[in-house]
Amino acid sequence: MAKKPTGKNTSGRGQRDLTVKVKTARGRRLSSTRWLQRQLNDPYVKRAQAEGYRGRAAFKIMELDDKYRFLVPGARVVDLGCAPGGWAQVAVPRINALGEKSGKAIGRFIGIDLQEVEPLAGAEFHQLDFMDEGADDQVKEWLGGQADVVMSDMAASSSGHKQTDHLRIMSLCETAAYFAFDVLEEGGTFVAKVLAGGAEGELQKLLKQKFKSVANVKPPSSRADSSEKFVVATGFRG
């Protein structure tokens, strides 16, 4: 269960926020040092630690759902590339996967990833490549039917070349979209991370053929200097 922030500073350094500065160690690239310094000073990283979430990405799906309301009690959700499980921590209580909301429908959460994921009550994690032949049928079998939501925070390994990374993640996102077409219930929702860079127009065209509404959203918790956005497609036509 996520811990509630106490509002107290227990660092012993007084009651004001401190900016952490990281020295560049011998053998460490300057870019790595900058990333580490940004990570240590990121308010969402600090908040995730305080509230018991597995990563800052939890706030992204939280903010998207606050706006579009797709994680509702009784929803059957598939999370592609679910590690480390931060999105699951947000989704499980919202879809009532544990049945804690009396009188509300009980949802199902299936997370799949190439790596093993630490267990979480109310979530069902499986090691599976969603691009494998028959993966869609396997997921539907686990769900006991079609999904109401397919969501993805996946990103291809960074090459250090912006345009290459953009094309890689767009290819991954398009593959996830085709997976969603196979497993979504009519009226369902597809949510996926994209990187701006020019090729996202083709994905938009594809999704507009299959969904009633398609939006590009940059949630507040996405870093301002990042090209990251999320596509939220609602009203799957089947």
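Cβ atoms here come from the backbone N, Cα and C positions, even for glycine.
What Swiss-Prot lists as S-adenosyl-L-methionine binding site is Gly85, Trp87, Asp113, Asp129, Asp153. Classification of Gly85 (S-adenosyl-L-methionine binding site) by DSSP places it in coil, neither helical nor stranded. For Gly85 (S-adenosyl-L-methionine binding site), the count of additional Cβ atoms within 10 Å of its Cβ stands at 24 [all protein chains shown].
Non-local neighbourhood of Lys193 (active site, proton acceptor): Ser152, Asp153, Met154, Ala155, Ile169, Cys173, Glu228, Lys229, Phe230, each in the same chain, at least six residues away, with C-beta under 8 Å from its C-beta. Lys193 (active site, proton acceptor) falls within a strand when secondary structure is assigned with DSSP. Annotation source Swiss-Prot lists active site, proton acceptor at Lys193, citing sequence analysis.
Residue pairs drawn from Gly85, Trp87, Asp113, Asp129, Asp153, the listed S-adenosyl-L-methionine binders, are separated by up to 18 Å at the Cα level.
Cβ neighbours of Trp87 (S-adenosyl-L-methionine binding site) (same chain, under 8 Å, six or more residues apart in sequence): Ala57, Ala58, Ile61, Asp79, Gly111, Met151, Asp153.
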